[in-house]
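Structure first, then comments.
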Amino acid sequence: MKLFGLLLGCGLSQTLDERVAILEDAVMQQHKEIDQLKQRLTKAETEISVLESSLTCGGAAFHDVCGCASGYAYYQGECVPSDEAAARAWIEEFNVDYQFYVHDASDAYFAYETNITDANLAAAGAASARFGAWYSAHIPHAIRVFDWKNFEDPLLKRQFSKLLGNSNSLNAEDSAALNNAMNNMNKIYASGTVGDADRCVYLEGAEEGGVALEGIMANSLDYNERLWSWLGWRTNVGDALRPHFETYVEMKNKWAQVNGFEDYGQYWRSDYEMPEDNFNDMAVTEYEKIEPLYVQLHAYVRYRLGEVFGNDIFDQDDGLLPANVLGDMWGRFWTGLNQFVVPYPDAPDVDVTEELKAQGYDAKKMFQLSDDFFKSLGLERVNEIFWDKSVIERIPDVEMVCHPTAWDLGNGEDFRIKMCTDINMDYLLTIHHEMGHIQYDMQYAWQPPQFRDGGNEGFHEAMGEVMAMNVATPEHLRAIGLLGPAGDEETEYQTTINFLMFQALQQVATMPFTIMMENWRYASFNESITTDEWMEKFWQMKNEWVGVKAPAERTEESADPAALYHIANDYSMMRYYSRTIYQFQFQKVLCDACGHTGPLYTCDVYQCEAAGDKLKILMGKGSSQYWLDQLHEFTGDDEATMNADGMRDYYQPLMDWLVAENSRLGITPGWDASKTEYHPFDENMDFVGKCAENKAAPSVKPLPFADFIQQYIKA
């Protein structure tokens with residue numbers, strides 16, 4: 001009836017193409033409704049089964065025998081084995097099919113993110129529905145039959161905990177609201193552009209001969225162009241994200257609460273398995289060790305940026321840095337500022353971008369260089385599937401999500417990376433970071449799916465970072481022919497300070513950004529910050545913690561935090577904070593294994609198989625063991641915990657240099673968040689321009705959100 005009505009309603013004035021489009025939309029809607037009915041039917045059948053079991057057993061608990069012999073439980077009209085041996089056999093069989101369905105769905109999602117079309121959208125939705133139907137049909141057996149919380153085998157108990165520990169679901173209405181919010185945030189972020197009369201600009205992965213917003217934020221010498229880019233992204237993306245982000249926070253809190261948590265922030269912190277939920281307190285305490293270095297770095301950067309963009313912008317009484325001049329769209333990493341703040345411009349430059357280009361590096365050659373690095377440690381090379389299936393450059397004339405991500409597609413052999421590589425130092429380090437994720441994935445591939453993750457979320461991120469920090473050393477860059485030979489003692493000192501500055505712009509600068517962002521989210525989830533003051537409190541915290549201000553006044557209509565990929569896509573940020581500390585602890589262990597002597601910042605573990613042997617053991621454990629136990633074994637220290645002492649010591653030469661240089665320049669470090677001032681700007685900037693004709697309606701369609709896949713994608 002719906003299709004017949006649509007045919008009558010088309011009218012003779014419409015073209016054949018228009019009528020076909022209307023019919024196609026109607027067919028897709030009917031398929032969607034059929035899928036929803038199938039899911040409701042599966043859920044109803046499960047509920048009936050559970051009810052029958054409860055009634056037959058007179059309301060007894062699921063693990064009671066209900067007239068069955070010892071070691072059996074009543075389920076779906078019969079007595080089935082319920083002891084640990086049966087549980088072990090059940091989960092082994094379950095995992096065979098689980099890997100198939102996860103791979104099926106992950107493959108479809110990868111295809112969609114690398115080629116955003118209606119056909120790929122439909123395929124991803126269908127694959128997600130197949131997984132959901134299979135999962136819903138099988139998981140009630142484990143819930144009803146096995147008393148897993150009382151298992152004697154600790155590994156089996158941990159495995160079931162990973163599978164079932166947070167298995168309660170939202171009701172249908174709330175689940176639909178969450179999925180809709182996540183789908184729309186995905187769509188808005190992926191299709192975001194900023195335009196003016198002459199151009200329509202993507203965030204990253206510029207078209208041939210063009211520029212990306214990230215390129216503007218890293219390289220433009222025009223303060224107002226950076227402001228246009230910064231404000232445009234938050235106007236076109238942040239404003240649109242706001243209502244969906246509010247729904248996301250509300251529904252994620254509801255989900256956390258039905259699974260026994262006070263709020264979603266507490267659920268995230270549970271990844272660290274701290275009995276008193278005090279991991280955030282530990283994280284803040286460790287930052288206090290690094291904060292003095294950050295304050296000195298902030299002051300020096302402020303002075304140098306004043307020379308570039310004008311002291312009238314930077315001589316204001318507040319001492320705050322405008323957020324639009326910090327090297328990327330969010331001020332998360334300051335490596336784009338190296339060209340402006342390098343301490344010794346005449347000393348060898350550890351940013352080897354120009355050398356990469358001079359030597360003819362392309363994306364594949366950069367990835368092969370990274371693969372060689374891992375092989376030199378005695379670790380695994382990536383397989384042919386990786387080279388065949390990965391997408392490492394923007395595909396011409398195809399809309400895709402360019403944000404770099406490493407994918408474990410769930411079957412133990414299919415690993416891929418998706419990114420739009422540019423030929424520069426930042427991307428060289430990003431490649432090693434993402435390949436670090438892939439190496440971790442390969443090393444724990446022998447584990448059951450429930451344990452295919454890092455010891456905690458920060459371990460996985462740290463593994464990528466520790467590889468990148470080795471590659472960035474002058475020692476390594478010389479070893480692979482991207483940096484000239486060492487000079488005299490004075491030249492080497494200057495090269496060292498340049499190197500430590502380059503590293504600090506990424507590692508030190510990101511720490512207050514990340515810990516502040518996560519504490520804002522924790523406060524938003526626990527409602528100590530209410531929705532009507534989100535932006536106000538966000539920028540207050542940004543001013544106070546980070547010494548950074550918005551370049552223009554912000555309002556509650558926007559959602560500046562969500563204009564970052566990780567926030568819009570439901571990633572915890574604590575993983576990126578804790579990894580920055582872990583990587584120095586990991587590096588110390590690896591360098592000791594290699595017999596390194598001298599300062600840690602001179603260590604490069606390239607070609608050291610002893611380091612690889614240590615890494616194999618740690619990575620191979622996956623999440624099968626509590627992270628502190630893993631850290632104790634890896635370091636050989638039974639008292640080891642997350643500790644920033646190593647990071648502070650690593651940067652001591654730079655700290656000494658910054659204190660002396662700031663004093664020489666007459667710079668007073670610090671800022672006053674109570675005196676925020678804004679530089680005048682053109683309030684009639686155009687943020688749409690040519691984008692109106694290029695993308696009158698975003699071509700990106702909402703992708704069905706699937707929590708189960710996120711474990712396998714590292715950003």
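Each residue, glycine too, has its Cβ placed from N, Cα and C.
Sequence annotations record features per position, and here TrEMBL assigns signal peptide to 1-17.
TrEMBL lists 20-54 with the feature coiled coil.
Per TrEMBL, disulfide bond is recorded for Cys402-Cys420 (among others). Following the DSSP three-state reduction, the secondary structure of Cys420 (disulfide bond) is coil.
Marked as Zn(2+) 1 binding site by TrEMBL: His433, His437, Glu461. Neighbour list (His437 (Zn(2+) 1 binding site), Cβ cut-off 8 Å, at least 6 residues apart, same chain): Ala406, His460, Met463, Gly464, Lys714. In the three-state DSSP reading, His437 (Zn(2+) 1 binding site) counts as helix.
What TrEMBL lists as active site, proton acceptor 1 is Glu434. A 10 Å cutoff on Cβ-Cβ distances gives Glu434 (active site, proton acceptor 1) a total of 26 other Cβ atoms nearby, all chains included.
Taken from TrEMBL, the feature active site, proton donor 1 covers His566. In the three-state DSSP scheme, His566 (active site, proton donor 1) is classed as helix.
Per TrEMBL, the feature disulfide bond maps to Cys591-Cys603 (among others). In sequence order, Asn470, Thr473, Glu475, Gln587, Leu590, Cys591, Cys594, His596 are the residues near Cys603 (disulfide bond), counting only same-chain partners six or more apart with C-beta under 8 A. According to DSSP, Cys603 (disulfide bond) sits in a coil region rather than a helix or strand.
Candidate recorded positions: Cys402, Cys420, Glu434. Nearest to Glu461 (Zn(2+) 1 binding site) by Cα distance: Glu434. Looking only at the recorded positions His433, His566, the densest Cβ neighbourhood within 10 Å occurs at His433. Neighbouring residues of the recorded Zn(2+) 1 site, listed in sequence order and excluding His433, His437, Glu461, comprise Ala406, Glu434, Gly436, Tyr440, His460, Ala462, Met463, Gly464, Glu465, Arg579, Lys714 (Cβ within 8 Å of the Cβ centroid). Mean model confidence of the coiled coil (20-54) amounts to 55 (pLDDT, 0 to 100 scale). Here the C-alpha separation of Cys420 (disulfide bond) and His433 (Zn(2+) 1 binding site) works out to 15 Å. Note: the CA-CA distance between His566 (active site, proton donor 1) and Glu434 (active site, proton acceptor 1) rounds to 15 Å.
Here Glu434 (active site, proton acceptor 1) is positioned 14 angstrom away from Cys402 (disulfide bond), judged by their C-alpha atoms.
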